[in-house]
Amino acid sequence: MLLNGFVLMFLSSCVAESKLGAVSSPTSPQYGKFFSVEELHREFALAPESAEKVKLWLQKSGATNINHDGNRVRFTATVANAKTMLDTDFKFYTNGELMQLRTDAYSVPDDLASHIDFISPTIYIGRLGKKQVTPPAADQMLLQDLANPGTPCNQSCETTISIPLPANKSESFDVLSPKCLQELYNTKDYNPDPKYGSNIASGNFLNQSASYSDLAQFEQMFNLPRQNFTVLALINGGVDNQDPASETDGEANLDVQNIVSIASGLPVYSYITGGIAPFVPNLMEPNQSYNQNEPYLEFYEYLLAQPEDKVPWVITNSYADDENTVPERYARRVCAQIGMLGLRGRTILGSSGDGGVGEICRANDGDNLKEGTPEFTPMFPSSCPYITSVGGTQSVGPEVAWNFSAGGFSNLFPVAWYQREAVDSYLNNQIDQHAKEYYTENDYVNFSGRGFPDVAAHSFYPDYVTIVRGTAYPNGGTSASSPIVAGIIALLNDARFRANRPAMGFLNPWLYSRDVVDALTDITSGGSLGCLGYNVQTNVPGTEGAVIPFASFNATAGWDPVTGLGTLNFARMKKLALRDSV
């Protein structure tokens with residue numbers, strides 16, 4: 001049996017924040033002067049001796065098809081050779097569907113340790129069940145949604161449809177229609193033109209594939225212009241499953257259907273990445289058979305290797321993992337990859353998560369899971385400072401913070417340079433100082449960490465509708481929020497491209513600038529909960545997570561760790577995006 005893999009080398013320098021800030025900050029003379037693939041390779045070029053040492057090691061170990069490409073070296077090896085080369089053993093693991101060969105640990109010679117950052121794939125199992133941010137549309141969830149309708153939209157855009165609950169198929173619920181969504185975020189009078197080059201993509205993991213037929217039905221239901229999406233690539237063994245009987249399309253369908261709700265007319269793309277990532281077990285995922293951390297490394301590594309015209313300008317991911325289940329080296333590498341895509345002018349967005357301040361709420365060393373110190377649980381990749389993290393709101397008249405919009409402060413990445421003033425203002429002026437003292441004295445929160453989310457959009461109450469296998473279901477969560485914000489950014493790119501301006505690129509330095517903050521809709525009511533001792537997405541007790549009394553954050557004036565800076569107003573932001581400086 002053969003394994004196709006690659007060795008990721010240590011970057012010759014970290015992602016240079018000064019360079020990323022220069023091309024991403026509107027006041028900089030370098031704003032919008034993004035790096036090409038070739039320039040990025042030169043900037044982060046490997047020391048020649050590093051590549052040669054790794055290639056020689058691979059050759060001596062019996063690997064074949066060795067190819068040095070940028071800061072990685074590709075190879076092919078037999079399982080027997082890989083076992084010797086990595087000083088490990090490969091075993092068959094099952095996820096209940098298929099049995100796959102993989103290893104969960106490896107080592108390299110000491111003289112190569114300073115040259116090698118990561119070897120992949122060493123941990124892989126395909127055809128996994130889904131683990132998106134939003135819970136599946138189970139009957140219990142549907143009934144719960146019906147009991148919490150929130151504030152309806154204006155009568156002009158309210159839509160009521162029927163959903164097939166087994167107990168009563170005539171039940172109906174109020175849904176946030178695309179028309180209402182466009183009014184809410186002030187995009188209704190803007191018509192993008194695809195000839196100018198703006199586009200948008202969603203990243204799909206864990207065996208998720210969007211359905212062409214479901215999108216067509218969604219467009220027909222809401223009288224949207226007919227358009228389809230294109231699967232740009234199947235990465236790392238990903239599979240595009242269009243079988244109507246498949247149950248692996250709920251999350252992917254939510255992404256594409258929400259994108260066309262807000263940015264209809266622009267090209268929509270999809271990536272499907274197979275496999276899973278390394279992880280540190282916790283109470284919800286106590287061993288490798290439960291592991292469903294997304295293979296971000298393979299996804300972003302693929303994007304970085306593509307030429308300019310093959311990478312969409314805006315990419316949204318509706319998946320999130322507890323930060324303390326992601327190995328530190330892996331998280332830092334993925335975050336660096338996201339930063340390098342920012343240097344290439346791409347906007348990467350991600351859902352902040354649907355667990356409020358946390359679910360397990362215990363520190364995690366991967367061993368004594370039940371004894372971990374109580375603490376809030378930040379989410380990855382939202383905790384990466386180079387991604388735009390999207391939280392959630394509920395209601396629409398006005399919007400308020402959604403109770404389980406994930407947010408907080410990273411335990412891995414420090415506060416980002418562009419948000420320091422906003423976060424300091426929150427910590428000094430907005431958070432209840434008694435709560436801050438209580439959280440600090442008990443080490444529940446690392447207030448010096450990267451704060452997230454950055455912005456927010458509607459999540460629940462009224463719900464979104466998603467067509468799944470021909471049936472309309474209520475849906476929501478920050479999985480719904482991220483593609484909405486991504487669609488708005490794609491519209492801003494369209495406006496900028498028409499004016500011969502570069503793409504928005506890495507968004508956060510622009511978002512946190514004073515004039516843009518004033519153009520956003522600040523969410524100052526509601527707050528987030530969490531650390532309740534059970535999984536808030538499924539209401540499943542017995543995880544033995546920590547119960548932290550009063551664990552919560554409030555939405556406040558300015559930035560807060562529930563809704564970030566607030567929600568987007570496209571018309572106001574477009575004026576700023578077309579100015580020479582902010």
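Glycine is no exception: its Cβ is also placed from the backbone N, Cα and C atoms.
The active site, charge relay system annotation in TrEMBL covers GLU251, ASP255, SER479. Per TrEMBL, Ca(2+) binding site is recorded for ASP522, ILE523, GLY558, ASP560. Annotation source TrEMBL lists domain 'Peptidase S53' at 175-580. Residues or ranges marked as signal peptide in TrEMBL: 1-16.
When the alpha carbons of GLY558 (Ca(2+) binding site) and ASP255 (active site, charge relay system) are compared, the span between them is 28 angstrom. ASP522 (Ca(2+) binding site) sits 28 Å from GLU251 (active site, charge relay system), taking the C-alpha atoms as the reference points.
Checking Cα-Cα distances from GLU251 (active site, charge relay system) against the recorded positions (SER479, ILE523, ASP560) with a 10 Å cut-off leaves SER479, in sequence order. Taking a C-beta cut-off of under 8 Å and a sequence gap of six or more, ILE523 (Ca(2+) binding site) has these contacts in its own chain: THR393, GLU399, VAL400, ALA401, ALA456, ALA555, ASP560, VAL562, THR563, GLY566, THR567.
Across the structure, ASP255 (active site, charge relay system) and SER479 (active site, charge relay system) place their CA atoms 7 angstrom apart.
As a whole-number mean, the pLDDT of the domain 'Peptidase S53' (175-580) in this prediction is 93. Within the set of recorded positions (GLU251, ASP522), the lowest number of other Cβ atoms found within 10 Å of a Cβ is recorded at ASP522. According to DSSP, ASP560 (Ca(2+) binding site) is assigned to a strand segment.
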